[in-house]
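See structure below.
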Amino acid sequence: MGAGGRMSVPPASKNSNRHVLRRMPHSKPPFTLGQIKKAIPPHCFNRSILRSFSYVVYDLLIASLLYYLATTYIHRIPPPLCALAWPLYWICQGCVLTGVWVVAHECGHHAFSDYQWLDDTVGLVLHSALLVPYFSWKYSHRRHHSNTGSLDRDEVFVPKLKSRIRWYAKYLNNPPGRILTVLLTLTLGWPLYLLFNVSGRDYDRFACHYDPYGPIYSDRERLQIFISDAGLIAVTYGLYHLATLKGLSWVLCVYGVPLLIVNSFLVLITWLQHTHPALPHYDSSEWDWLRGALSTMDRDYGILNRVFHNITDTHVAHHLFSTMPHYHAMEATKAIRPILGEYYQSDGTPVLKAIWREANECIYVEADESEQSKGVFWYKNKL
């Protein structure tokens, strides 16, 4: 249900895997966005309410089934096995709810249906249930898409220049330090970004996703930020009431730990899509929208690609055409790869290996003195 009819993107050849670290071209592409769009079958841009809702229903049914199995049977399992059953539930439920998160993300891009009010209603409900400020994130994420790859205006995972690296970075530039950094990023990265704009762009004053009057938002957006906050307050109150009835430990086991896994996947997916030795970043002298949109990496999460509705392995197409529904993104990716050529970036490195490599190689960005274009920056790690 909801997953039929997808096309598979051919895996990268072994020869191409040897060159995943080779820098992508950073000169102006020999094609336009219009030419890329013409290569994609027109039906890929069609949004179907029924098909979009089928993914919502499918994900929520699986989540409900996992909830039923966990709350009905885990307490009946003998203690040694019970200790294994809960982590299994947490992981499976976290993965499924990440798929729900992705559908709500599509609503924020107006990729769910042809009706903005419907997209916002579905997105607000689903994201609020996952303690995400829907409109707040929708607008900051939209600016990320408008400024991808820009050192000056991108909204998230903006790499630091070497001159702005903190004093303690050299003490973390070792295996234990990298492990600690990755763990903190995956566990605390999402709430720190929402609360304090950690890893986001610089603003002239304090920026917070919960603040309607913060510098992230324009005047016409502020009312919707209040609505996002109201949604979170309602869900938080519901969780509090549930904790008084069932107990805090029950809420944490059934809801809290899977939510932490969702947040970790969200940070991991976004980080790996925009952090890679082959990807350039640009300052204001070089940046343009198309080159920035192409400066992202498709990744392979195996079976989780489907669970995550292919947000992982069709990210290049998503950045080029963000209003395209996810269920057409695989077909679109296959269509645009011949046009993009070396401008299309994909890395099939196993995720754990990629995490370690990127944590080791991508510490800061710096322009190469040997290049004529001084506004193009690449990841480096020598402190």
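Each position is counted from 1, following the chain as shown.
Placed from the backbone N, Cα and C atoms, the Cβ positions cover glycine too.
Unlike curated records, TrEMBL annotations are generated automatically.
Here is what TrEMBL records for this protein:
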DOMAIN    25-62  domain 'Fatty acid desaturase N-terminal'
DOMAIN    85-345  domain 'Fatty acid desaturase'
TRANSMEM  55-74  transmembrane segment
TRANSMEM  86-105  transmembrane segment
TRANSMEM  117-137  transmembrane segment
TRANSMEM  177-196  transmembrane segment
TRANSMEM  225-243  transmembrane segment
TRANSMEM  249-272  transmembrane segment
Per Cβ pairs under 8 Å, the stretch of 117-137, 177-196, 225-243, 249-272 packing most closely against the transmembrane segment (86-105): 249-272
Averaged pLDDT score, the domain 'Fatty acid desaturase N-terminal' (25-62): 98
